[in-house]
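Going by TrEMBL, these are the annotated features:
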{"type": "ACT_SITE", "residues": "Asp136", "note": "active site, charge relay system"}
{"type": "ACT_SITE", "residues": "His193", "note": "active site, charge relay system"}
{"type": "ACT_SITE", "residues": "Ser518", "note": "active site, charge relay system"}
{"type": "DOMAIN", "residues": "19-96", "note": "domain 'Inhibitor I9'"}
{"type": "DOMAIN", "residues": "127-557", "note": "domain 'Peptidase S8/S53'"}
{"type": "DOMAIN", "residues": "351-439", "note": "domain 'PA'"}
{"type": "DOMAIN", "residues": "633-728", "note": "domain 'Subtilisin-like protease fibronectin type-III'"}
Amino acid sequence: FYPAIAVTGNEIGANVLQTYIVRVQKPEQGTFSTEKDLERWYHSFLPATVSKSPADDHHQSRILYCYKNVMSGFAARLTAEEVKAMETKKGFISAHVETYLGTHTTNSPKFLGLNQNSGLWKDSNLGKGVIIGVIDSGVKPDHPSFSDEGMPPPPAKWKGKCELEGATCNNKVIGVRNFLSSIGEPAVDDMGHGTHTASTAAGNFVSGANTFGLANGTAVGMAPLAHLAIYKTGNGKHQEGFQSRIAAAIEAAVQDGVDVIWISYGSPPLAFYDDPIASAAFTAVRNGIFVSCAAGNKGPDPSSSTNGAPWILTVGASTTDRSIVASAQLGNHATYDVEILFMLVNFTSMQLPLVYPGGRNSSAAFCLPGSLNNIDVKGKVVVCERDGNMRRNETEYYVKEAGGAAMILISDKFDAYSAILETHVLPAVQVGYATGESIKAYINSTPSPTVAILLRTGNKKSAPEVASLSARGPNKVSPGILKPDIIGPGVSILAAWPSSQENITKTKATFEIADGTSMSCPHLSGIAALLKSTHPDWSPAAIKSAIMTTADIVNLEGKPIINNYNLLPADLFAVGAGHVNPSKTNDPGLIYDIQPDDYVPYLCGLNYTDQQVQTIVDHDVQCSKVPSIAEAELNYPSFSIKLGSSPQTYNRTITNVGEANSSYTHQIVAPEGVEISVQPNEISFTERNQKVTYSITFTRSQKTSASYAQGYLSWVSTQHTVRSPIAVSFE
């Protein structure tokens with residue numbers, strides 16, 4: 001047994017009950033053969049006063065979850081004093097107060113090049129037989145997107161449960177587990193997030209899908225014939241217990257037999273041994289399950305990306321080529337492009353009175369509750385500035401309540417070109433910060449300002465762009481691993497919604513347009529399911545490599561992908577390897593594979609102790625006997641290095657999954673101020689699954705004023721380009 005490592009948590013009082021995730025040494029093999037034995041082992045760590053008496057008024061156990069697969073330990077309601085008493089017990093490793101984790105399509109398939117009778121959809125049979133586990137806010141199982149028409153029964157390996165009340169599972173939604181049942185929360189989704197993301201990943205075909213006439217078309221997920229296993233861990237209201245529930249959900253998903261896990265929550269930048277999602281995801285990967293997580297919505301701030309473990313696919317958000325826009329024509333004939341938040345088809349095109357209430361007080365500038373009460377806005381188009389603490393449709397509600405006819409919402413500076421569609425209850429459009437300043441200047445220039453809003457639609461050739469909300473690198477926890485890994489569609493995504501939303505026309509819709517990395521990540525989860533169907537022998541790392549090395553680094557115009565908040569080229573800390581291109585992922589030519597045990601030298605190289613590494617990999621590790629490696633030495637499909645005056649050399653091993661007889665030569669786009677050499681110059685294969693190792697050396701060629709530079713290494717054959725991004729930070 002090992003002594004205590006650390007106890008971390010909030011210093012809020014020794015006698016206040018909080019949920020702790022407790023890590024303990026794994027019992028000796030054979031000592032505890034049943035789940036009851038394991039529960040008794042975990043219970044033995046509780047102080048005697050807790051283990052021998054009821055824990056609360058409901059006489060329920062203090063232990064909330066017992067983990068068997070994803071970690072050795074449990075989640076329990078404890079006080080700081082009780083945790084301190086546990087530190088001296090043999091086998092205790094650590095305990096920390098869990099953290100609340102926030103949750104982070106008719107056009108997407110076409111934009112991504114997915115066609116029903118060709119390419120990846122045809123080769124994968126639309127993901128038939130693959131099971132996607134969705135860890136989110138539940139699901140609305142009777143939504144048309146979850147019809148099981150044309151669906152086969154679940155595969156024989158499926159061991160899950162259906163915990164729905166008043167509804168049943170089917171061949172599409174084959175299982176539902178509810179981790180909020182202890183607080184009386186039903187398994188059915190009442191928040192919307194889980195229904196939206198599940199249908200994005202694997203919703204069935206639904207024709208005529210739209211939200212109040214916008215984005216009309218056929219809604220379908222990335223893997224329409226894949227099965228869905230739903231794990232409800234939150235609903236936006238009950239924040240307590242998120243980390244422990246998510247770990248329990250991953251544990252259940254591993255036991256149930258899923259192939260892909262999509263997690264909608266983001267961990268703060270914790271060391272991997274203190275991050276329950278990272279360690280639980282590692283167990284899933286060790287069991288051959290592909291795990292994807294959202295990068296988070298804290299962009300464009302640097303180092304805002306979450307879920308930075310290298311065994312997780314971390315996904316950022318991009319725009320698509322669909323643009324539902326309008327023009328705002330001011331009374332002085334100045335015309336500006338605006339994006340529609342909500343618009344009635346028959347909304348008047350006549351000039352209407354225009355008002356900016358911000359001249360009265362700062363609250364009115366944001367149209368906060370009650371701020372418009374003494375301002376004449378009735379029948380006028382009201383200009384409001386964006387308040388980051390309020391949803392757009394909340395702002396709109398207060399305008400409508402005050403009698404406004406429509407709203408123009410001004411983004412803040414970082415959201416200048418990032419207007420996001422939502423379902424609204426008042427005709428509303430959004431403009432960038434600079435346009436908003438021009439509109440306000442016009443209002444101040446005339447006693448009778450007016451505006452007409454003219455509806456039109458179009459395609460954006462500059463797509464994809466990186467959404468301003470998409471979290472950026474560098475990776476705080478492991479800077480030598482480039483994050484996010486990839487970007488995918490996450491702006492203005494139409495997908496299933498659990499309740500019939502009603503607007504001012506008294507019409508209802510069961511689809512909603514939403515944005516965020518929580519919308520982009522299920523696209524990648526569905527694509528991973530397609531690859532799992534076509535390549536059942538590929539490891540999670542192989543699937544990840546295929547997605548990353550085939551990504552696009554230019555937009556539809558053939559120009560570099562840009563940030564949509566400043567229209568400047570996006571760097572690798574925004575795009576990762578680039579924008580996902582599903583049609584290329586099925587035949588990447590070469591892959592960078594990583595087996596679970598390959599992460600041990602990497603973790604030891606992070607200077608983690610033996611015990612800390614063991615909490616992640618769940619088996620004995622002695623780093624002194626392991627040839628530890630630098631982060632950049634991990635066989636990852638991208639490079640993120642810190643370069644000083646001395647050259648740095650790293651090795652990579654690539655596996656041939658293309659033609660048996662094939663040759664590749666390398667092409668380098670060197671980062672500014674860096675010289676790169678690769679040996680050998682050419683690699684050749686004579687059979688499939690053959691492996692070849694190459695070395696790459698980085699040398700500072702000249703001093704630059706920049707602290708960062710980027711480039712690419714590509715291995716090119718007559719049929720394939722296998723591209724790895726290179727991010728270099730200068731010391």
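If you go along the chain as it appears here, the first residue is 1 and each next one adds 1.
Backbone N, Cα and C atoms are what each Cβ position is placed from, and that goes for glycine too.
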Taken over the domain 'Subtilisin-like protease fibronectin type-III' (633-728), the model's mean pLDDT: 96
Other C-beta atoms that fall within 10 angstroms of the C-beta of Ser518 (active site, charge relay system): 31
Neighbour tally for Asp136 (active site, charge relay system), based on other Cβ positions within 10 Å of its Cβ: 29
Tally of residues which DSSP labels helix, strand or coil - the domain 'Subtilisin-like protease fibronectin type-III' (633-728): 1 helix, 59 strand, 36 coil
Separation of alpha carbons, Asp136 (active site, charge relay system) and His193 (active site, charge relay system) (Å): 7
His193 (active site, charge relay system) CB neighbourhood, other CB atoms within 10 A: 24
Counts of helix, strand and coil residues, the domain 'PA' (351-439), according to DSSP: 24 helix, 18 strand, 47 coil
Distance, Asp136 (active site, charge relay system) to Ser518 (active site, charge relay system) (CA atoms, angstrom): 10
